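As recorded in TrEMBL, the features of this protein are as follows:
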- 108-125: transmembrane segment (TRANSMEM)
- 131-153: transmembrane segment (TRANSMEM)
- 166-232: domain 'P-type ATPase A' (DOMAIN)
- 331-356: transmembrane segment (TRANSMEM)
- 381-400: transmembrane segment (TRANSMEM)
- Asp446, Lys447, Thr448, Glu547, Phe588, Lys611, Arg644, Thr724, Gly725, Asp726, Arg858, Lys864, Asn887, Asp888: ATP binding site (BINDING)
- 910-1164: domain 'P-type ATPase C-terminal' (DOMAIN)
- 941-962: transmembrane segment (TRANSMEM)
- 974-994: transmembrane segment (TRANSMEM)
- 1024-1048: transmembrane segment (TRANSMEM)
- 1060-1079: transmembrane segment (TRANSMEM)
- 1091-1115: transmembrane segment (TRANSMEM)
- 1135-1157: transmembrane segment (TRANSMEM)
Amino acid sequence: MSRRWPDTQVPPDDEVMPYSDDETDDELEVSSEEEPDVPPGITPPQVEAKPSEMGWKVKANDRPYHHLPEFEKKVFLCIKKSRYSGNAIKTYKYNVLTFIPLNLYEQFKRVANLYFLALLILQIIPDITTLPWYTTLIPLVVVLAITAIKDLADDLARHRMDKEINNRKSEVLLDGRFQEIKWSNMQVGDVVRMKKNDFIPADILLLSSSNPNSLCYVETAELDGETNLKFKLGRRETDERLQSERQLVDFNALIECEEPNNRLDKFIGTMTWEEERLPLDLDNMLLRGCTIRNTEESHGLVIFAGADTKIMRNSGKTRFKRTKIDELMNYMVYSIFVLLILVAAGLAIGHAFWYAEIGAKAWYLYDGKNQDANHRGFLSFWGYIIVLNTMVPISLYVSVEVIRLGQSKFINWDLQMYYAAKDTPAKARTTTLNEQLGQISYIFSDKTGTLTQNIMAFKKCTIAGRSYGDPTTAEGVVLDRGRPVDWSWNREADRKFEFMDNSLVACVRSGKDKDATEFFKLLSLCHTVMVEHKEGDLVYQAASPDEGALVTAARNFGFVFLSRTQDTITIREMDRETTYEMLALLDFNSDRKRMSIILKFPDGRIRLYCKGADTVIYERLSPQSKYKETTQSDLDVFANATLRTLCLSYKDISTADYEAWSRRHKEAQVSMSDRDAALDIVYEQIESNLMLIGATAIEDKLQDGVPETIAKLAKADIKIWVLTGDKKETAENIGYACSLLTEDMQIHYGEDVNEKLSVRQDNRRNELPTSRRGKKKPVEPFFTQPGKNALVITGGWLNEILYEKKKKRRRLRLRRLGRKAPPAIPTDGEPMDDLEKEMRQIDFVDMACECEAVICCRVTPKQKGNVVSLVKKYKKAVTLSIGDGANDVNMIKTADIGVGISGQEGMQAVMSSDYAFAQFRYLERLLLVHGRWSYIRMCKFLRYFFFKNFAFTLVHFWYSFFNGYSAMVTYEDWFITLYNLCYSSLPVLLVGLLDQDVNDKISLKFPQLYLPGQLGALFNYKNFFLSLFHGIFVSLIIFFIPYGAFLQTMGQDGEAPSDYQSFAVVTASSLIFVVNLQISLETSYWTFVNCFAVLGSIAIYFGIMFDIHSAGIHVIFPAPFTFTGAASNALRQPYLWLTIILTVGVSLLPVICIQFLHKTIWPSIGDKVHRNRKKYEMELQEEERKKPSAFQRGRGSRRSAYAFSHSRGYADLISSGRSIRRPATRRNPQETIREVPQREAENI
C-alpha cells in the first residue's frame, strides 16, 4: 500500500536513527522555522533565533575554579553545593545512620505493617484489649527483623559494587606531576593520563595521544554492545602542544559546552586557549564506559564526572518493580480489611443488642462498669478488630520474602544456566520478581550481542557464475560432511578461520582461474581496514565485523593485506609482495550502499574495484558483463539461507578518463555548498559500466540455540519483539535466521502501517458524535486476510506514526512565537487532541499485537523504552526486556522484568537488570522452568495461606454467637501467637520452595504448561473467594462438631469434659491436624523434608502445648500461662480423640472428592501431562540417547542484505593520512614495504 505524501512532508528515512525524544530546543529550531504555523496569506513574524547557551564551564588544572559561588546550586533551604558532580557513583540506599529509620519507614509504608502497629497500640489500652500485647508484638518484630536483614544484605552487595568501581585507579595531574588516585577522588577539570586497555573513568576531552594526530581507538561495548573499534581525534592544536608532562601542567584552557545530557551521539563545545577559540564535537570526546584500545597512552580533560556522564544519564529512571501477584495480594488484603470491619461492626451491634436485652438484666454478669449498651458495643468493635486481626496475616509478607529468596538461590545454583566458556553463572539480582517470570506475555530483545554473537564468518561465495562453500574435495566432489580446509600451506593464515570447500583453495593456489585471483585480490584491496603487527602476527581493525571477515578470508586464501599508507596499500599475493598506489577511496555510506577504490597497478594500469549491495551493483553493471543470471541465482540461495550478501565488481579506467574525473573530484571536495551531494554525483560518474566478478555470503553468527529458544517460547504463546539500532535489512535478515520471521508471513513496513492507522483514524473522525456515545463497538482487526503477519518498522516511522516529532516541533515553534496551541485541523497530519494521540497509540499496539513478530530497527534507546511502555500501558501484559549494552538499559528498566546478557559486551545492562546470564538460550529455562515453578509455588502458597488463616480466625466468629458477642477468644493466647510462627508455617514454606507438578525436562517439552501463568489462572479473586469459602466451611466444622460433642458428654471418670479450656484444646488440635493434612493434599512433589515438616509441625504443636499447660511454668509465670493441666486432662479422653478424628475427616473428605472429580472429569493440561509423566520421561531418555540434529537455516523467497558497517568507515582517516606513521626517510618502494610492518602500529 502506498501513501501519497504532501509536498511539504518527506517520509522518514529508514537509514537514519531519530533522536527526537532527546532533542533540545535549539536543535529543532531550524526545522521548526521551516514549518510556520500561520494562516495562509499572512506573513509570519520574524523571530530571532537565540543561540544555544553554553552553560557548562570547565577550567583545566584548576579545581578551586569549579567551587566558586557562581557554580553553586541550592540543595535544601539555604544549603548550597557545587553543581559539578564528583566522580563517585552511588547506587546504595542506606548508610550506618540512615539504615534503621529509613528501613522502618519503608516497611511501614506497607499497609499491613502499619495496621499491625495500630493493633499493637490498641492492645495496650485496657478497656479495648482482648488479647495480650505480645501476641501482636512478637510476630511484628520477627517480620520487621527478617525483612530488614534481607534489605541489609541486598544493600551491602550494592555497597561492595560501588566501592569496587569507585576504588579503581587512574593517573591524574596534581601538584605538577601525575599521581595515581581513586576514581571517586577525580574532579571536573582534572587532566588524566590513560594507558592501553584502561577503562575511561569519566567523560573526557581528548587532548593528545601516542598515536599520530592524537588518534585514539576505543571499544564501546558498554554503550552499544558492539565490539568493533571506533576512533576519536584530539584537536591538532592540543596534540602538537600537549605531549609532555610539563606542557600539560601549564595547560589552562577554558571549556564552554552544553549542559550534561543523555545524548550519546552529540556534543557541542568550544575551547578558549591562548586567545584562540576552538570548536569541539563528539569526535573529540572519550565517554565513560568505553575502553582504550591499541593506543599506548592518551591524555584528556575531565568534562563530565559521575552522575553527569552520558552513560549515567542514559541509565534511565530506576523504577520500583512489583509483581502482578503483589498488586493482587494488596487488593486482597484491602478486601480483608473491609470484611474485617464489616464483621467487627456486625458483631459489635450484636453485642449492643445482646447487652441491652440480656446482659444488663442478668445480675450475675455485672462487671462493676457503668457503661451503656452503645458504649459497650463501641468497645466490642475494637475488641473484635483485635481478635480477628489474624484474617490479615502478618507473617504472609515475610513468608513470601523467604520463598522468593529461596527461588532466587535456585536460579543462581542452576548448572544448566552456567556458561563454562566465560565462567559465568546465572544471577538473580533481585529477589522480588521470581513468580512474574511465569507470567510473561511479551519479550523485547536487542539484536547485536543478544541474539547474535556480533561475529561474522565468511561462509560461501560465487565466482564467475560458480558457487563455492559446500563441503567439497579438492577435485570438486561434493560431500555430505567434509573436513575444514587445512591452512598449513599459508603461514599468514588465521587458524580460527574455517571453510569447507577444498576445491576453491585448489583453484586459487593453481593460479589458473583469473576470476578467482581477481576476486580475492579485490577483497584484500577494497576496504578501510587498519592493520597492526602484534608479536609477529597481523591484527586487523575494521569499522565493521563484515569488513574484517572479508579481509580475513582473502588473507587465508593467500591474498594478505600487510600495510597501508596515505596513498599506497601493500598486499602479499601468494608469497609475492605488491604495492598499489591508491588514487581514490570512495567510502561507504547508507545512501550509496557501496564502496570503491581506484588503484594504480605496478604496471601502470588503473582499475576501480567496487563492492556493495546487489541491488546497487546490478544497476551499474556494463551490458557486456557476464554471469549476471547465474550470480543472481546464487544470491537468491545465499540470501534465503539468511546469509549477508555482497557483490564484487571492477572497471578498467584509461589514464585520460581518470585525470578528467580526478579534476571533477577535487572540485567536489572543496565545494562550499552541499559537498556530500556533489561528491555523490562525481562518484556516480566513475562507478558505472562495471564488470561483475562474483559475490560473497557472510553469516552473522547467532548465539547457540537462539532459533530453538524462540520457537519454544512461541509455543508458550510468548510474543518476541526485536528492538535494535541496526539497519532494516540487517535486522530483517537476522529475523529470518533466528526463525522469528518465516516464509509464510506477510511483512508490513512503516508506510503500510501508517496508511492503515491513518484510515482507522479518519474513520473515527468521521463517526457521528452520537454514535460514539452509544455502545462500544468491537475492535475490528487490522489484518482481515488469513495468514501470519509481521511488522518491520524503523525509528523514523515510529515517530511519524505516534506523532512524537511533530508534537515537539509544534510545541517549540509556538513557544517561540509566544502563543498557545490552536486546535488542530483534521487535515494537518497531527493529532487533534491528546485523546486522539492516545487512540493512535492504542491502534498501533493493537496492530502490532495482531502480528506474530515485530521488529523495530534504527530505534534510539529512549524509543526502545517507549515501545515497552506502550505495550505495558495498553495491553496490561507482563513484559520482559533482554539486552547487553548501555543502549538497552532504558528498556530493561522500563519492562516488568529486565534481563542482562553478561559477557564480552560489557556490564552496563547487567548492572541495571533483574536477572543476568551469558546466553540468550538460557531465557527458555528461566521462564519455562524457574518462572513457571515459581508462579505455581507462589499461587499454591497464597491460596493455602489465606485458607488456613480464615479457618483459624473465623472460629472466633462462630464462638461469638455463644458468648454474647463479647470478643472472647476461642483459643488459648499462646496458641494464637504461635499458630502462624511455629504450628503451620514450615510445610507451606516448603511447598512454596520445593513443589513442582512435573520436572524441568517435561516443562521444556510441553511449553503449553506455561499458559495458565499468562492468564493468571492459578491466583485471582476467584481463587481468593474459594479459599475464603473453604476457610468458612472448615471453621464451621472445627467449631460445631466439637461444640456438639461437648453438649452432653460424660468422661470415663464420670466428669463432664465440657469446660472452656478443654474445648479450646480440642478445636486447636483439630485445626492443626486439618491444616497440616490439607497442605499434604496440595503437595505434588514429596521429599523427606516435606514429610518431616508436616509431622514435625504436629509434634511441635503437642510438645509446646503440653509445656505451656504444665504446672511448673504456671508457678513461674502465673499471669500469662493460665491453662494449667488443660491439655493432659482433655487428651486423655478417648471420646475427644474420636471428636478430633471426626472433625478432621469431615473437613478433608469434600476436598479429596472435589480434587478427584477435577482431575478425572475436568483435567487441566498440567493434570494430563502429570498423569502420563512416566511415559514422557521415558521418551525424553530415548531422545537424549539420539544425537540432536543441527538447526537448518530456512529456504524460501529472495531476501537481500548487504554486509557493511552502519556508519562511515575509516576512509577519511586513511586518505587524510592522519592515522599513518610515515618513516623518517624514504629509500625505495621495496625497502618501504619491508619497513612498514616493523614499525610500531603504523595504522593503529
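Glycine is treated like the rest: Cβ placed from N, Cα and C.
Overlay of TrEMBL annotations on the structure.
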{"residue": "Asp446", "record": "ATP binding site", "Cβ neighbours (10 Å)": "29"}
{"residue": "Thr448", "record": "ATP binding site", "Cβ neighbours (10 Å)": "27"}
{"residue": "Phe588", "record": "ATP binding site", "Cβ neighbours (10 Å)": "25"}
{"residue": "Arg644", "record": "ATP binding site", "Cβ neighbours (10 Å)": "26"}
{"residue": "Gly725", "record": "ATP binding site", "Cβ neighbours (10 Å)": "25"}
{"residue": "Arg858", "record": "ATP binding site", "Cβ neighbours (10 Å)": "26"}
{"residue": "Asn887", "record": "ATP binding site", "Cβ neighbours (10 Å)": "28"}
Average the per-residue pLDDT over the domain 'P-type ATPase A' (166-232) and send me the rounded value.
85
With pairs 6 or more apart in sequence, are the transmembrane segment (1091-1115) and the transmembrane segment (974-994) linked by at least 3 Cβ pairs under 8 Å?
yes
Close approaches to the transmembrane segment (381-400) from elsewhere in its chain (Cβ under 8 angstroms; 6 or more beyond its ends):
110, 112-113, 115-116, 119, 122-123, 128-131, 136, 139-140, 142-143, 146-147, 329, 333, 336-337, 339-341, 343-345, 347-348, 938, 941-942, 945-946, 949-950, 952-954, 956-957, 960, 966-967, 969, 976, 979-981, 985, 988-989, 992
The domain 'P-type ATPase A' (166-232) - residue tally per DSSP class, helix then strand then coil:
11 helix, 34 strand, 22 coil
Let me spell it out: take the transmembrane segment (131-153), skip the flanking residues so only those 6+ beyond its ends count, and list any with a Cβ under 8 Å from a Cβ in it.
94, 99, 103-104, 106-107, 113, 116-117, 119-120, 123-124, 386-387, 389, 394-395, 397-398, 401-402, 405, 431, 969, 973, 976-977, 980-981, 1120
Should anything in the same chain at least six residues away from the transmembrane segment (1024-1048) have a Cβ under 8 Å from its Cβ atoms, list it; otherwise answer none.
332, 335, 943-944, 946-955, 957-959, 962, 970, 1057-1058, 1062-1063, 1066-1067, 1070-1071, 1074, 1135-1136, 1139, 1142-1143, 1146-1147, 1150-1151
Same-chain residues at least 6 beyond the ends of the transmembrane segment (941-962) whose Cβ lies under 8 Å from its Cβ atoms:
325, 329, 332, 343, 347, 350, 384, 387-388, 390-391, 393, 396, 399-400, 403, 968-971, 979-980, 984, 988-989, 991-992, 1019, 1023-1024, 1026-1028, 1030-1032, 1034-1036, 1038-1040, 1043, 1067, 1071, 1074-1075, 1078-1079, 1082
